[in-house]
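Chemist: One structure, as structure tokens, below. Some questions next.
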Amino acid sequence: MDKSLHFTICVLTALLLLRESSQAGEEKDPEVLPAGFNPPGLICLCVQEDPYVMVRGAELEGYCMELLAALAGMLRFQYRVRVVGDGQYGAVAAGGNWSGMIGEILRREADIAVAPLTVTSAREEVVSFTTPFLQTGIGILLRKDTASQDMSFFHFLSPFSKETWTALLFAYLLTCFCLFLVARLSPCEWNEPKNEENHFTFLNSLWFGAGALALQGATPRPQALSVRVIAVVWWLFTLALLAAYIANFTALLSSGSEQLPIQTFEDLVKQRNLEFGTLEGSSTFYYFKNSKNPIHQMIYEYMEKRREHVLVKTYQEAVQRVMDSNYAFIGESISQDLAAARHCNLIRAPEVIGARGFGIATTQASPWTKPLSIAVLKLRESGDLDYLRNKWWETSCLRQSRERWGPLEPPALGGLFLTLGIGLALGILAALAELSSSSRRAAAHAKKSCCSVFTEEICTRLRIKGAARQSQETSGKANA
């Protein structure tokens, strides 16, 4: 009995040990919790920079903090956050040693670095990077009043393009000519052409059209239906046109969106009004140093010769210097977009070079690199990274860029011009119908052909004397 009880206890003990070992093996799955890792000991480096990591009271918050929390929730690990000692991202010193976060990762003072750390070939040689969680490039940050050209004397013409102004002038002349023509053809506007003087001369028609453009009434007043059709269509055309002009002109004035003289890095090199520089020891600085592009080499030589004056220590210092002086900052475009969103007097030049990404740095051969990369990809596929990007890069500036508020081209007002054309055609047809009706009555009264009377009326109203005289002579011979 004692032997059987002892055997039963041994079997139960063995089953319990096997179950605990299997659970421990699951917890140490390399895709969830790497083997040999002490959860409370994972040290995560960060750098204090808005909006990635910011101090709020006694806690840290920001894009990187939320990203780190999301990764910890997916991979089930614990962590401790520490701000990098020297505040640097990482660059090679004169002796070959690395500074900043890269240096601390190499010295194994930290396990991972979650920060806007650019993935470069030099850094990839000494540490490992995960899949980038943010895509960026190199751009130029400017202050609006230093980047904008002075308004030209004819800046009031900027809301419309040259083609639109040309089309508007043509539409104005065509409409005035149609008013003049229809007013002469319509018997309701001009009952006795031999005895009366037509009020809609060409000059009066031009004045009438100009009055509508200025939203002012102008004489003479149209009486015939055909003339009123053209007048109403022209009034609607001018109302829509003036609304488009005022809206676009207001946007141009409020946004300062005149053409920037500095569109590219070549423009930056050619100008002499602004100093320019970047973060000292940053990947941007070494990008220009290693580039074979002549323009990039000129930028590097300029910064190297004046490094004590144009290179800045921190991103906050760079933004403040752009706001306070004639200085252009060359740096990560995504950080510049944030600065332009937070400070409405700043703007980023259109050109972006050197496409790159921000990745999480780990020690080489770290078991964390692959799981973190997979987790970043999952966050991207689920839209969480886009959500974080929109949340922390939200702007309070109601700015309208030139890409949205440029001069209006003719295709944008195509429907308006088409409506005007249809209205002119209807007015001319209505005038011909009125004249035809009057000619039929006159022909019946004079016992003449309708066509001959219609032709005489047209010649008389248009003052075509030669044709009218010939028509009268022909009619006289026929009566004789």
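Backbone N, Cα and C define each Cβ position, glycine as well.
Annotations for this protein, taken from TrEMBL, read as follows:
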SIGNAL    1-24  signal peptide
BINDING   Pro116, Thr118, Arg123, Ser283, Thr284, Glu332  L-glutamate binding site
TRANSMEM  165-186  transmembrane segment
TRANSMEM  227-247  transmembrane segment
SITE      Ile262  site 'Crucial to convey clamshell closure to channel opening'
SITE      Lys289  site 'Interaction with the cone snail toxin Con-ikot-ikot'
DISULFID  Cys344-Cys397  disulfide bond
SITE      Lys378  site 'Interaction with the cone snail toxin Con-ikot-ikot'
TRANSMEM  412-433  transmembrane segment
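For each listed feature, how buried is it and what is near it?
Modeler: Within its own chain, the transmembrane segment (165-186) is flanked in space by residues 157, 193, 198-202, 205-206, 208-210, 213, 222, 224-227, 230-231, 234, 237, 241, 410, 413, 417, 420, 424, 427-428, 430-432, 434-435, 458, 461-462, which lie at least six positions past its ends and keep a Cβ under 8 Å from the stretch.
Cβ neighbour count for Lys289 (site 'Interaction with the cone snail toxin Con-ikot-ikot') (all protein chains, 10 Å cutoff from its Cβ): 14.
Using a Cβ-Cβ cut-off under 8 Å and counting only residues 6 or more beyond its ends in the same chain, the transmembrane segment (412-433) has close neighbours at 164, 167, 171, 174-175, 178, 181-182, 185-186, 224-227, 229-230, 232-234, 236-237, 240-241, 244.
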Chemist: Which of the recorded positions Ile262, Lys289, Cys344 has its Cα closest in space to the Cα of Arg123 (L-glutamate binding site)?
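Modeler: For Arg123 (L-glutamate binding site), the spatially nearest of the recorded positions is Lys289.
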Chemist: So which residues does the transmembrane segment (227-247) touch in its own chain, when a touch means Cβ under 8 Å and the partner is 6 or more beyond its ends?
Modeler: 159-160, 168, 171, 175, 178-179, 182-183, 186, 189, 200, 208-209, 212-213, 215, 408, 413, 416, 419-420, 422-424, 426-427, 430-431
Chemist: Listed L-glutamate-binding residues Pro116, Thr118, Arg123, Ser283, Thr284, Glu332 - what's their greatest C-alpha to C-alpha distance in Å?
Modeler: 17
Chemist: Measure the Cβ-based neighbour count of Thr284 (L-glutamate binding site), defined as the other Cβ atoms within 10 Å of its Cβ.
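Modeler: Result for Thr284 (L-glutamate binding site): 22 neighbouring Cβ atoms inside 10 Å.
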Chemist: With every protein chain in view, how many other Cβ atoms are within 10 Å of the Cβ of Glu332 (L-glutamate binding site)?
Modeler: 26
Chemist: For Ile262 (site 'Crucial to convey clamshell closure to channel opening'), identify the closest of the binding-site residues Pro116, Thr118, Ser283, Glu332, judging by Cα separation.
Modeler: Glu332
Chemist: For Thr118 (L-glutamate binding site) and Lys378 (site 'Interaction with the cone snail toxin Con-ikot-ikot'), determine the Cα separation and express it in whole Å.
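Modeler: That comes out at 21 Å between the alpha carbons.
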Chemist: Including all protein chains displayed, how many Cβ atoms other than that of Lys378 (site 'Interaction with the cone snail toxin Con-ikot-ikot') lie within 10 Å of its Cβ?
Modeler: 14
